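> Attaching a single structure in C-alpha coordinates format; questions to follow.
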Amino acid sequence: MGLTAGSSSWPSCISPACLFLAVFLIFSNMPSEAHLSPTFYDHTCPRALTTIQTAVRTAVSRERRMAASLIRLHFHDCFVQGCDASILLDDSSSIQSEKNAPNNLNSSKVESLCPGVVSCADIVAVAARDASAAVSGPTWTVKLGRRDSTTSGLSQAASNLPSFRDSLDKLVSLFGSKGLSARDMVALSGSHTIGQARCVTFRDRIYDNGTDIDAGFASTRRRRCPANNGNGDDNLAPLELVTPNSFDNNYFKNLIQRKGLLQSDQVLFSGGSTDTIVNEYSKSPKTFRSDFASAMVKMGDIEPLTGSAGVTRKFCNVIN
(Lines of atoms letter the chains of each structure in order from A and count residues from 1; the text may use other names and numbers.)
(Lines give C-alpha, C1' and ligand atoms only; values in the text may rest on other atoms or scores of the structure.)
Protein backbone atom coordinates (compact mmCIF):
# COMPACT_ATOMS: atom_id res chain seq x y z
CA MET A 1 0.00 0.00 0.00
CA GLY A 2 3.13 -0.13 0.93
CA LEU A 3 1.03 1.45 2.14
CA THR A 4 4.47 2.65 0.86
CA ALA A 5 9.56 3.90 0.75
CA GLY A 6 12.61 3.25 2.55
CA SER A 7 13.76 -0.32 2.30
CA SER A 8 10.21 -1.57 2.61
CA SER A 9 9.13 -4.44 0.44
CA TRP A 10 5.87 -2.69 -0.06
CA PRO A 11 7.63 0.69 0.03
CA SER A 12 6.40 4.05 0.76
CA CYS A 13 8.66 7.04 1.01
CA ILE A 14 11.04 8.13 3.77
CA SER A 15 11.05 7.82 7.53
CA PRO A 16 8.74 10.21 9.34
CA ALA A 17 10.89 10.00 12.45
CA CYS A 18 11.00 13.77 12.48
CA LEU A 19 7.25 13.91 12.91
CA PHE A 20 5.27 12.84 15.32
CA LEU A 21 3.84 14.49 17.98
CA ALA A 22 5.08 17.60 19.73
CA VAL A 23 1.83 17.43 21.54
CA PHE A 24 0.63 16.36 24.91
CA LEU A 25 -2.55 16.60 26.83
CA ILE A 26 -2.96 15.25 30.36
CA PHE A 27 -6.06 13.31 31.22
CA SER A 28 -7.01 10.46 33.53
CA ASN A 29 -6.60 6.86 32.42
CA MET A 30 -9.27 5.78 30.00
CA PRO A 31 -11.81 3.12 30.90
CA SER A 32 -11.44 -0.36 29.45
CA GLU A 33 -13.92 -1.30 26.77
CA ALA A 34 -14.00 -4.43 24.64
CA HIS A 35 -15.05 -2.85 21.36
CA LEU A 36 -13.91 -0.19 18.92
CA SER A 37 -15.89 3.01 18.54
CA PRO A 38 -15.31 6.35 16.75
CA THR A 39 -16.33 8.13 19.98
CA PHE A 40 -13.97 6.22 22.28
CA TYR A 41 -12.02 9.32 23.41
CA ASP A 42 -14.83 11.86 23.36
CA HIS A 43 -14.74 12.23 27.14
CA THR A 44 -11.24 11.10 28.14
CA CYS A 45 -9.27 13.00 25.48
CA PRO A 46 -11.67 15.16 23.46
CA ARG A 47 -8.96 17.03 21.58
CA ALA A 48 -7.07 13.90 20.53
CA LEU A 49 -8.30 13.71 16.93
CA THR A 50 -7.87 17.41 16.16
CA THR A 51 -4.40 17.35 17.72
CA ILE A 52 -3.32 14.42 15.56
CA GLN A 53 -4.86 16.02 12.47
CA THR A 54 -2.99 19.28 13.05
CA ALA A 55 0.31 17.48 13.58
CA VAL A 56 -0.13 15.40 10.43
CA ARG A 57 -1.11 18.36 8.28
CA THR A 58 1.90 20.31 9.50
CA ALA A 59 4.25 17.41 8.81
CA VAL A 60 2.84 16.74 5.33
CA SER A 61 2.96 20.43 4.42
CA ARG A 62 6.68 20.40 5.26
CA GLU A 63 7.39 17.09 3.52
CA ARG A 64 4.77 15.79 1.11
CA ARG A 65 6.20 12.26 1.15
CA MET A 66 5.33 11.97 4.83
CA ALA A 67 1.77 11.04 3.86
CA ALA A 68 2.86 7.82 2.18
CA SER A 69 5.03 6.90 5.16
CA LEU A 70 2.19 7.29 7.63
CA ILE A 71 -0.22 5.20 5.55
CA ARG A 72 2.43 2.53 5.15
CA LEU A 73 3.17 2.60 8.89
CA HIS A 74 -0.44 1.67 9.70
CA PHE A 75 -0.42 -1.08 7.07
CA HIS A 76 2.79 -2.64 8.35
CA ASP A 77 1.60 -2.40 11.93
CA CYS A 78 -1.70 -4.17 11.25
CA PHE A 79 -0.19 -6.98 9.17
CA VAL A 80 2.17 -8.09 11.96
CA GLN A 81 0.42 -9.10 15.20
CA GLY A 82 -2.62 -6.97 14.34
CA CYS A 83 -3.13 -3.22 14.79
CA ASP A 84 -1.30 -2.91 18.11
CA ALA A 85 1.54 -0.38 17.55
CA SER A 86 4.08 -3.19 17.92
CA ILE A 87 5.92 -1.70 14.96
CA LEU A 88 6.92 1.31 17.06
CA LEU A 89 8.74 -0.56 19.83
CA ASP A 90 12.50 -0.24 20.13
CA ASP A 91 14.79 -3.19 20.71
CA SER A 92 15.26 -4.17 24.35
CA SER A 93 16.48 -7.12 26.35
CA SER A 94 13.11 -8.80 25.82
CA ILE A 95 12.03 -7.41 22.44
CA GLN A 96 13.34 -7.85 18.91
CA SER A 97 11.70 -4.93 17.19
CA GLU A 98 9.73 -5.21 13.96
CA LYS A 99 11.51 -2.00 12.94
CA ASN A 100 14.58 -4.12 12.22
CA ALA A 101 12.83 -6.31 9.68
CA PRO A 102 13.96 -5.59 6.11
CA ASN A 103 10.36 -4.66 5.26
CA ASN A 104 10.18 -2.11 8.07
CA LEU A 105 13.41 -0.15 7.99
CA ASN A 106 12.88 3.61 8.19
CA SER A 107 9.61 3.43 10.08
CA SER A 108 8.80 6.27 12.39
CA LYS A 109 8.60 6.76 16.13
CA VAL A 110 5.34 8.20 17.31
CA GLU A 111 5.61 10.18 20.50
CA SER A 112 3.00 10.23 23.22
CA LEU A 113 -0.33 11.95 23.08
CA CYS A 114 -2.54 12.02 26.17
CA PRO A 115 -0.14 9.75 28.06
CA GLY A 116 -1.93 6.75 29.46
CA VAL A 117 -5.14 7.64 27.61
CA VAL A 118 -4.76 7.51 23.82
CA SER A 119 -3.10 4.35 22.58
CA CYS A 120 -0.23 4.43 20.14
CA ALA A 121 -2.16 1.98 17.93
CA ASP A 122 -5.01 4.48 17.63
CA ILE A 123 -2.61 7.35 16.91
CA VAL A 124 -1.14 5.33 14.02
CA ALA A 125 -4.62 4.53 12.67
CA VAL A 126 -5.83 8.14 12.86
CA ALA A 127 -2.59 9.50 11.39
CA ALA A 128 -2.98 7.25 8.34
CA ARG A 129 -6.48 8.61 7.70
CA ASP A 130 -5.35 12.22 8.19
CA ALA A 131 -2.32 11.67 5.95
CA SER A 132 -4.58 10.50 3.14
CA ALA A 133 -6.83 13.54 3.54
CA ALA A 134 -3.81 15.87 3.64
CA VAL A 135 -2.87 14.88 0.07
CA SER A 136 -6.44 15.10 -1.26
CA GLY A 137 -7.09 11.42 -0.72
CA PRO A 138 -10.20 9.82 0.74
CA THR A 139 -11.15 10.03 4.38
CA TRP A 140 -13.03 7.59 6.58
CA THR A 141 -14.31 7.16 10.10
CA VAL A 142 -11.66 5.56 12.30
CA LYS A 143 -12.89 3.20 14.98
CA LEU A 144 -10.95 3.71 18.20
CA GLY A 145 -10.19 1.85 21.40
CA ARG A 146 -7.22 -0.29 20.37
CA ARG A 147 -4.70 -1.16 23.04
CA ASP A 148 -0.93 -1.42 22.55
CA SER A 149 1.10 -4.59 22.45
CA THR A 150 3.90 -5.37 24.89
CA THR A 151 5.68 -7.49 22.30
CA SER A 152 7.00 -6.97 18.79
CA GLY A 153 6.86 -9.48 15.93
CA LEU A 154 10.21 -9.37 14.17
CA SER A 155 10.02 -13.07 13.37
CA GLN A 156 6.56 -12.61 11.85
CA ALA A 157 7.41 -9.65 9.65
CA ALA A 158 9.06 -11.59 6.84
CA SER A 159 6.09 -13.93 6.39
CA ASN A 160 3.29 -11.44 7.09
CA LEU A 161 4.35 -8.47 4.96
CA PRO A 162 4.18 -8.43 1.16
CA SER A 163 7.38 -8.40 -0.86
CA PHE A 164 8.04 -6.38 -4.01
CA ARG A 165 8.78 -9.73 -5.68
CA ASP A 166 5.46 -11.39 -4.76
CA SER A 167 3.26 -12.99 -7.39
CA LEU A 168 -0.41 -12.14 -7.72
CA ASP A 169 -1.44 -15.46 -6.18
CA LYS A 170 0.81 -14.88 -3.19
CA LEU A 171 -0.53 -11.36 -2.65
CA VAL A 172 -4.14 -12.54 -2.85
CA SER A 173 -3.37 -15.34 -0.39
CA LEU A 174 -1.53 -13.07 2.05
CA PHE A 175 -4.25 -10.43 2.12
CA GLY A 176 -6.87 -13.16 2.34
CA SER A 177 -5.20 -14.50 5.46
CA LYS A 178 -5.87 -11.09 7.05
CA GLY A 179 -9.54 -11.11 6.08
CA LEU A 180 -9.03 -8.82 3.09
CA SER A 181 -10.37 -9.65 -0.37
CA ALA A 182 -8.54 -9.37 -3.69
CA ARG A 183 -10.49 -6.18 -4.30
CA ASP A 184 -9.32 -4.82 -0.94
CA MET A 185 -5.76 -5.73 -1.89
CA VAL A 186 -5.92 -3.87 -5.21
CA ALA A 187 -7.52 -0.84 -3.56
CA LEU A 188 -4.89 -0.72 -0.82
CA SER A 189 -2.14 -1.11 -3.42
CA GLY A 190 -3.48 2.13 -4.85
CA SER A 191 -1.78 3.93 -1.97
CA HIS A 192 1.27 3.64 -4.22
CA THR A 193 -0.17 6.59 -6.10
CA ILE A 194 1.99 8.54 -3.62
CA GLY A 195 5.39 7.86 -2.10
CA GLN A 196 8.70 6.57 -3.38
CA ALA A 197 10.64 3.33 -3.59
CA ARG A 198 14.34 2.53 -3.38
CA CYS A 199 16.29 1.43 -6.44
CA VAL A 200 17.05 -1.93 -4.83
CA THR A 201 13.34 -2.79 -4.90
CA PHE A 202 12.80 -2.19 -8.62
CA ARG A 203 16.26 -2.79 -10.14
CA ASP A 204 15.48 -6.30 -11.39
CA ARG A 205 12.27 -5.14 -13.05
CA ILE A 206 13.81 -2.29 -15.04
CA TYR A 207 16.81 -4.34 -16.22
CA ASP A 208 15.27 -7.73 -17.03
CA ASN A 209 13.94 -6.61 -20.46
CA GLY A 210 10.61 -8.27 -19.73
CA THR A 211 7.51 -7.85 -21.83
CA ASP A 212 5.49 -6.52 -18.89
CA ILE A 213 7.31 -3.18 -18.70
CA ASP A 214 7.20 -0.21 -21.05
CA ALA A 215 10.66 0.24 -22.60
CA GLY A 216 10.66 4.02 -22.29
CA PHE A 217 9.59 3.84 -18.67
CA ALA A 218 12.34 1.33 -17.90
CA SER A 219 14.90 3.56 -19.58
CA THR A 220 13.79 6.58 -17.53
CA ARG A 221 14.01 4.69 -14.27
CA ARG A 222 17.52 3.37 -15.09
CA ARG A 223 18.92 6.91 -14.98
CA ARG A 224 18.99 6.91 -11.20
CA CYS A 225 19.16 3.19 -10.60
CA PRO A 226 22.46 1.65 -11.77
CA ALA A 227 22.44 -2.00 -12.79
CA ASN A 228 25.01 -3.22 -10.28
CA ASN A 229 23.87 -4.25 -6.81
CA GLY A 230 25.25 -1.98 -4.13
CA ASN A 231 25.45 0.97 -6.49
CA GLY A 232 22.71 3.52 -5.87
CA ASP A 233 20.58 1.08 -3.89
CA ASP A 234 19.03 3.88 -1.85
CA ASN A 235 18.25 6.18 -4.77
CA LEU A 236 14.55 6.97 -4.78
CA ALA A 237 11.99 7.03 -7.56
CA PRO A 238 8.29 7.92 -7.35
CA LEU A 239 6.00 4.93 -7.26
CA GLU A 240 3.66 6.81 -9.60
CA LEU A 241 5.39 8.94 -12.20
CA VAL A 242 2.61 11.30 -13.36
CA THR A 243 1.29 12.90 -10.13
CA PRO A 244 3.51 11.43 -7.40
CA ASN A 245 2.39 13.82 -4.66
CA SER A 246 -1.37 13.62 -5.21
CA PHE A 247 -3.72 10.84 -4.19
CA ASP A 248 -5.51 9.94 -7.42
CA ASN A 249 -6.08 6.97 -9.74
CA ASN A 250 -3.10 7.51 -12.05
CA TYR A 251 -1.41 4.51 -10.40
CA PHE A 252 -3.94 2.23 -12.10
CA LYS A 253 -3.65 4.02 -15.44
CA ASN A 254 0.09 3.44 -15.25
CA LEU A 255 -0.36 -0.30 -14.64
CA ILE A 256 -2.43 -0.58 -17.82
CA GLN A 257 0.46 1.12 -19.68
CA ARG A 258 2.95 -1.36 -18.12
CA LYS A 259 4.48 1.41 -16.02
CA GLY A 260 4.18 -0.09 -12.57
CA LEU A 261 7.44 0.55 -10.72
CA LEU A 262 7.46 -2.59 -8.58
CA GLN A 263 6.89 -6.10 -9.83
CA SER A 264 4.25 -6.48 -7.10
CA ASP A 265 2.47 -3.47 -8.61
CA GLN A 266 2.50 -4.69 -12.20
CA VAL A 267 1.22 -8.19 -11.34
CA LEU A 268 -2.11 -6.56 -10.53
CA PHE A 269 -2.50 -6.00 -14.29
CA SER A 270 -0.81 -8.90 -15.99
CA GLY A 271 -3.56 -11.01 -17.51
CA GLY A 272 -4.75 -12.26 -14.15
CA SER A 273 -7.86 -12.13 -11.99
CA THR A 274 -7.39 -8.52 -10.86
CA ASP A 275 -7.15 -6.95 -14.31
CA THR A 276 -10.84 -6.04 -14.27
CA ILE A 277 -10.49 -4.26 -10.91
CA VAL A 278 -7.51 -2.24 -12.16
CA ASN A 279 -9.49 -1.30 -15.27
CA GLU A 280 -12.44 -0.23 -13.15
CA TYR A 281 -10.33 1.96 -10.85
CA SER A 282 -8.50 3.51 -13.82
CA LYS A 283 -11.85 4.70 -15.18
CA SER A 284 -13.58 5.61 -11.93
CA PRO A 285 -11.58 7.55 -9.31
CA LYS A 286 -14.76 7.75 -7.22
CA THR A 287 -14.99 3.95 -7.00
CA PHE A 288 -11.31 3.67 -6.12
CA ARG A 289 -11.56 6.27 -3.35
CA SER A 290 -14.62 4.62 -1.87
CA ASP A 291 -13.07 1.14 -1.97
CA PHE A 292 -9.78 2.40 -0.54
CA ALA A 293 -11.55 3.97 2.43
CA SER A 294 -13.55 0.79 3.05
CA ALA A 295 -10.42 -1.37 2.83
CA MET A 296 -8.57 0.87 5.29
CA VAL A 297 -11.42 0.46 7.80
CA LYS A 298 -11.29 -3.32 7.34
CA MET A 299 -7.52 -3.31 7.75
CA GLY A 300 -7.84 -1.32 10.97
CA ASP A 301 -9.98 -4.16 12.34
CA ILE A 302 -7.21 -6.77 12.03
CA GLU A 303 -6.78 -8.43 15.44
CA PRO A 304 -6.94 -5.33 17.66
CA LEU A 305 -6.23 -5.61 21.36
CA THR A 306 -9.15 -4.22 23.34
CA GLY A 307 -10.48 -4.04 26.86
CA SER A 308 -8.09 -5.56 29.37
CA ALA A 309 -5.78 -6.94 26.68
CA GLY A 310 -2.53 -5.07 26.03
CA VAL A 311 -1.60 -1.71 27.54
CA THR A 312 -1.74 1.98 26.72
CA ARG A 313 1.88 3.05 26.31
CA LYS A 314 2.85 6.53 27.51
CA PHE A 315 5.79 6.53 25.09
CA CYS A 316 5.22 4.67 21.87
CA ASN A 317 8.72 3.26 21.45
CA VAL A 318 9.03 1.61 24.87
CA ILE A 319 6.95 -0.39 27.35
CA ASN A 320 6.25 1.81 30.37
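Numbers here mean position along the shown chain, with the first residue as 1.
Backbone N, Cα and C atoms are what each Cβ position is placed from, and that goes for glycine too.
Pulled from TrEMBL, these are the listed features:
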| type | residues | note |
| --- | --- | --- |
| ACT_SITE | H76 | active site, proton acceptor |
| BINDING | D77, V80, G82, D84, S86, E98 | Ca(2+) 1 binding site |
| BINDING | P162 | substrate binding site |
| BINDING | H192 | heme b binding site |
| BINDING | T193, T243, D248 | Ca(2+) 2 binding site |
| DISULFID | C45-C114 | disulfide bond |
| DISULFID | C78-C83 | disulfide bond |
| DISULFID | C120-C316 | disulfide bond |
| DISULFID | C199-C225 | disulfide bond |
| DOMAIN | 35-320 | domain 'Plant heme peroxidase family profile' |
| SIGNAL | 1-34 | signal peptide |
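Mind running through what each feature is packed against?
Around H76 (active site, proton acceptor), a 10 Å sphere centred on its CB holds 30 further CB atoms from the protein chains shown.
When other Cβ atoms within 10 Å of the Cβ of V80 (Ca(2+) 1 binding site) are tallied across all protein chains shown, the result is 28.
Of all the Cβ atoms in the protein chains shown, 33 others lie within 10 Å of the Cβ of H192 (heme b binding site).
When Cβ atoms from all protein chains are considered, those within 10 Å of T193 (Ca(2+) 2 binding site) total 29, not counting its own.
In this view, C45 (disulfide bond) is surrounded by 22 other Cβ atoms within 10 Å of its Cβ, with every protein chain counted.
A sphere of 10 angstroms centred on the C-beta of C83 (disulfide bond) encloses 29 other C-beta atoms.
The number of other CB atoms found within 10 A of the CB of C316 (disulfide bond), across every protein chain shown, is 25.
In this view, C225 (disulfide bond) is surrounded by 24 other Cβ atoms within 10 Å of its Cβ, with every protein chain counted.
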> Which one is it, among the recorded positions C120, P162, C199, that lies nearest to D84 (Ca(2+) 1 binding site) by Cα separation?
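In terms of Cα distance, D84 (Ca(2+) 1 binding site) lies closest to C120.
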> Which residue among the disulfide-bonded residues C78, C120, C199 has the fewest other Cβ atoms within 10 Å of its Cβ, if you could check?
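Checked C78, C120, C199; of these disulfide-bonded residues, fewest Cβ neighbours within 10 Å: C199.
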> Of the recorded positions listed here (H192, C199, T243), which is spatially closest to C316 (disulfide bond) when Cα positions are compared?
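So, of the listed recorded positions, the one sitting closest to C316 (disulfide bond) is H192.
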> Pick the one among the binding-site residues S86, T243 whose Cβ has the fewest other Cβ atoms within 10 Å in this structure.
T243
> Here are some binding-site residues: D84, D248. Which one has the most Cβ atoms within 10 Å of its Cβ?
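Per the Cβ count within 10 Å, the most buried is D84.
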